[in-house]
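TrEMBL has this to say about the protein:
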type: TRANSMEM; residues: 6-28; note: transmembrane segment
type: TRANSMEM; residues: 40-57; note: transmembrane segment
type: TRANSMEM; residues: 69-87; note: transmembrane segment
type: TRANSMEM; residues: 115-133; note: transmembrane segment
type: TRANSMEM; residues: 153-173; note: transmembrane segment
type: TRANSMEM; residues: 185-204; note: transmembrane segment
type: TRANSMEM; residues: 216-233; note: transmembrane segment
type: TRANSMEM; residues: 245-263; note: transmembrane segment
Amino acid sequence: MDAQVLVALALSLVGGLSTSIGGLLVILSNTPNLKMIGSLQGFAAGLMMSMSFFDLAHNAMNSLGFFRGNIWFFVGVLFFGSVINVIPEPSVPGTCKEDGDGSVKDMIRKHHRQVLFSGIVTAVVAGITVHNFPEGMAVFIGTTKGLRIGITFAMAIALHNIPEGVAVALPVYYATESKWQAFKLAALSGFAEPLGVIIIAYLFPRSLNPEILEGLLGSVAGVMAFLTLHEMLPIAFEYAGHKQAVQAVFLGMAFMSASLYFLDISLPKEMRL
């Protein structure tokens, strides 16, 4: 296994294992602070949007031309849209509505078996198989282009995966009352990311045409844009409220812009974009 694959694998592990943080939030607090999760999701959405539109799509259009750059971008949009249609992104059950008779925990327990099944399907199908594969592939393709892109991908995906860990662990914990089962399934759901790196690394040509690499990064921009608009922003608005979510988005965009700048001036030239 060459150094490039090892770096991509390490970065994808950082992103993938962030689902464990979501699992910890559930087992430590029983009912996580959904407003905080919404703000975190808004911040991650800002990171993704900044990376997608201002960096990857921009560079693809500069390198390949406006028309071809857009074609690659929308190929990524269509690809991830197809994935979403097959394996929908799970949401945190119970949202934050509590009835007068009890808590979210009581409400979920009324549907014990359905909730348990939902949690297992979320972890095994949506997490471990199809849904997180494109994120691992994006980290590998980004690392192929430069370490800076790989690092920023891993950072944005890590923040996005914390709410995914909550979505896996919460129903399992309420249905089984087992903290270990909830945490285990949340942690396992993140391993699709390094698995995606391993699969794409052995299918990916080592000497790829630079134009195709630029096009693939343009497609990754489309994947990230779709992920942001379809999944992350709605969750941020629902949990944190529109005003706080929008503030978190722009804070994330500013943070990503600053990160890209400081990574550019600190990394060796051959590791940059």
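Heads up, the Cβ atoms here are built off N, Cα and C, so glycines get one too.
Counted over residue pairs 6 or more apart, the CB atoms of the transmembrane segment (185-204) and the transmembrane segment (6-28) come under 8 Å in at least three pairs, which marks the two as touching.
The listed stretches are 6-28, 40-57, 69-87, 245-263; of these, 69-87 has the most Cβ pairs under 8 Å to the transmembrane segment (216-233). Sequence-distant neighbours of the transmembrane segment (6-28) (same chain, 6+ residues past either end, Cβ-Cβ under 8 Å): 37, 127, 132, 135-136, 139-140, 143-144, 147, 150-151, 153-154, 157-170, 173, 179, 182-187, 189-194, 196-198, 201.
Long-range contacts of the transmembrane segment (40-57) within the same chain: residues 69, 73, 149, 152-153, 155-156, 159-160, 162-163, 217-218, 220-222, 224-225, 227-228, 232-233, 235-236, 239-240, 244-257, 260, 273, each at least 6 residues beyond the stretch ends and with a Cβ under 8 Å from a Cβ of the stretch.
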